Amino acid sequence: MGRRRALCLQPYFLWLGCVALWAHGSAGQQRQGRPADGADTSRYSILGSLEGGTAAAAAAANRVRRRGQQDMLRGPNVCGSRFHSYCCPGWKTLPGGNQCIVPICRNSCGDGFCSRPNMCTCSNGQILPSCGLKSIQQCNIRCLNGGTCLDDQCQCQKGYIGTYCGQPVCEHGCQNGGRCIGPNRCACVYGFTGPQCERDYRTGPCFIQVNNQMCQGQLAGIVCTKTLCCATIGRAWGHPCEMCPAQPQPCRRGFIPNIRTGACQDIDECQAIPGICQGGTCINAVGSYECKCPAGHKQNEATQKCEDINECSLIPGICDAGECSNTVGSYICLCPRGFLTSTDGSHCIDQRAGTCFSSLLNGRCAQELPGRFTKMQCCCESGRCWALGSIPEMCPVRGSDEYRGLCIDGIPVIGGSRPGGTGGNGFGPGGTGFIPIPGRNGFSPGVHGTGIGTGGQGPTGNGPVITGLTILNQTIDICKHHPNLCLNGRCIPTISSYRCECNMGYKQDANGDCTDVDECISNPCPNGDCVNTPGSYYCKCHIGFQRTPTKQACIDIDECIQNGVLCKNGRCVNTDGSFQCICNAGFELTTDGKNCVDHDECTTTNMCLNGMCINEDGSFKCICKPGFVLAPNGRYCTDIDECKTPGICMNGHCINTEGSFRCDCPPGLAVGVDGRVCVDTHMRSTCYGGIKKGVCIRPFPGAVTKSECCCANLDYGFGEPCHPCPAKNSAEFHGLCSGGVGITVDGRDINECALDPDICSNGICENLRGSYRCNCNSGYESDVSGQNCVDIDECFVNRLLCDNGLCRNTPGSYSCVCPKGYIFSSETDTCE
């Protein structure tokens, strides 16, 4: 004999109530035992035949009054014991009644009614947790992102707009090419970040000059953000070049906003831009900086470096008759023969010996002093005129700049000499410091003179001599009479002859002629080919070099500055005679080496394994398949071990698979609807005969287990809320229907006829082991499956029906339409 058990379900299945079940023997055979305490013997099993169910419900509704006790609760949905019973949670009794048949719904059922705990049957026949005045399911459109449908229009949640609430809203917009992907959520392109993609963290070169929309003056060795470049000394930034705003925002130049507080803070340019004062000392100031260059240097506006001042080109004639040679921070004078370089090398002191005159007489130089004197020796004391050759020149006026430059504040440095003397009366050390009175020495043409002599002396005579006056304008100017004496040079007359001073690029040979100097012998064009020319030379520069304005040197062409569009998507680095592109990450050099193009990482073998590779400009991204997650290096997808998730496959064992997992449930349990937990196969709920547009329809009467529902037909739905039954051959199906379709998880046959009373429309259902068949009514026949009754078209099967009339097929039968003058004969099925 079997025993009857009262099962009270867990709180999350409260609405199912308590159901009395008979313990069964072998499959298909019921064993009936004697109920205790006179309880009704009706059966509640859905297995086998459901006959007697109505009588059982009526009997369960009876009330039994015990002597001295209140009325006991009877019928379904009763929990507790026979001594203390109460309505199962989710149910209540009618006022004054003792049957737990009134369901309780937390939400309002609106225009429907509460048909089971927390479930409403709405006016349109659907079963939902709640019903409104007009069910949202009556809308013909689907609203996304939590939107509510009302009168076929979507009422969107905050943060979404659009016809179907599918468009997110970013209130402050997305800057710099960013895309709004969620309420106030921006997806930024590479190089930008921040809530609105407002922060630019791209790095690139900084330019301090812009001419004709071309970026020039790249800061060598500096790679920084556009914000830092434009807030300091930059006027343009990046490759390709982007112009800096005239006034940076939100802070003025010299300041940058703090990332955390947003307050404008001073930029220490000396630290932010290394080398900004290369060769000097950088001193930071509030909103600016100061560059202190050493002596002989100044800051270059283009490079911001301290560069040497070329005094030779800046101050014409700085070395007088000498050649100025620039040095780092200074210069030095290379003085010709007859000149002495000063101790500091800053000027040339004329050491050429000439004639000194101590006075002027009627505007002419007079009182020639005996001996030979330099210009300094003559003019820095009492001399008034000095002559190197035949033509005298006035000494500079005392106190003038020329005088100070010649005499170095009036102090002579070199002594002179007289013919036959030792220099004791000259200007040198040990001298008396005065100019002696002119004697009879000197050249006096026609006055006891002997002509032009190299020493300017005449023999001592006994005749009258004119003293104190020397006439010089009788000197013969050989250069004037013979203009071609010094080819490629300048003819300079002397007292008795002349001398040639060669032009630059020429030198005197052994004969005293000026011949061309071949400058190319010294290889003055290291980055080009030297071409000698008469008196000079020029350089033919190699590719990547250009000539200086003098054409006598080749300097490197900075292609990065000259061509601002080079090295797109990279950084241009100037090299000696060429340039080099350093490509950004994700880019590769073009064949001509002038630009960088995107490298399609997706063409790499096994890139984004277990996912989909999407190439982007300068990068790529992997979209992983379900069940996979991106690896730390972002280059492939790895399997997610779902079995490590807390609570997964509760009451069972989790088995991880590639890209997924499955739950292995012990006997008596089956995989739940979501596939993530093992549930008791004896828990009962509503079984639905189909699913239409995602909504379960045709609920069957009574409560069954998931195995009894889903193993009967895979197109059914189960549970509250309803979920589709697992697909055939899925892991959940094999765990739930291990015996196949028509058999429960514990091996019992499912009575499809009892489960769905309408399963054999137009016929009578006959249950079979693991299946069923339909015995069709008259006028119907079974299809090939034996599980459907289809109408027989009698008019087509028997062409003799309704002879002399018109045969019309009807469901399960036919009818004859006889013409006028004929009547239908039921015996012959013809019109007579």
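Backbone N, Cα and C define each Cβ position, glycine as well.
Copied from TrEMBL, the annotated features are:
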- 1-28: signal peptide (SIGNAL)
- 166-198: domain 'EGF-like' (DOMAIN)
- Cys170-Cys180: disulfide bond (DISULFID)
- Cys188-Cys197: disulfide bond (DISULFID)
- 266-307: domain 'EGF-like' (DOMAIN)
- 308-349: domain 'EGF-like' (DOMAIN)
- 354-407: domain 'TB' (DOMAIN)
- 475-515: domain 'EGF-like' (DOMAIN)
- 516-555: domain 'EGF-like' (DOMAIN)
- Cys520-Cys530: disulfide bond (DISULFID)
- 556-597: domain 'EGF-like' (DOMAIN)
- 598-638: domain 'EGF-like' (DOMAIN)
- 639-679: domain 'EGF-like' (DOMAIN)
- 685-737: domain 'TB' (DOMAIN)
- 749-790: domain 'EGF-like' (DOMAIN)
- 791-828: domain 'EGF-like' (DOMAIN)
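Locations of recorded TrEMBL features on the structure.
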{"residue": "Cys170", "record": "disulfide bond", "Cβ contacts under 8 Å, 6 or more apart": "Cys180, Pro183, Asn184, Arg185, Cys186, Gln196"}
{"residue": "Cys188", "record": "disulfide bond", "Cβ contacts under 8 Å, 6 or more apart": "Cys174, Asn176, Gly177, Gly178, Gly194, Cys197"}
{"residue": "Cys520", "record": "disulfide bond", "Cβ contacts under 8 Å, 6 or more apart": "Cys530, Val531, Asn532, Tyr537"}
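The Cβ of Cys180 (disulfide bond) has 17 other Cβ atoms within 10 Å, all protein chains considered. The domain 'EGF-like' (791-828): residue composition by secondary structure is 4 helix, 14 strand, 20 coil, according to DSSP. Counting Cβ atoms from all protein chains shown, Cys197 (disulfide bond) has 21 others lying within 10 Å of its own Cβ. Annotation: stretch 749-790 has the most Cβ pairs under 8 Å to the domain 'TB' (685-737), among 266-307, 308-349, 749-790. When pLDDT is averaged over the domain 'EGF-like' (516-555), the result is 90. Cys530 (disulfide bond) falls within a strand segment according to DSSP.
For the domain 'EGF-like' (556-597), the number of residues in each DSSP class (helix H, G, I; strand E, B; coil) is 4 helix, 18 strand, 20 coil.
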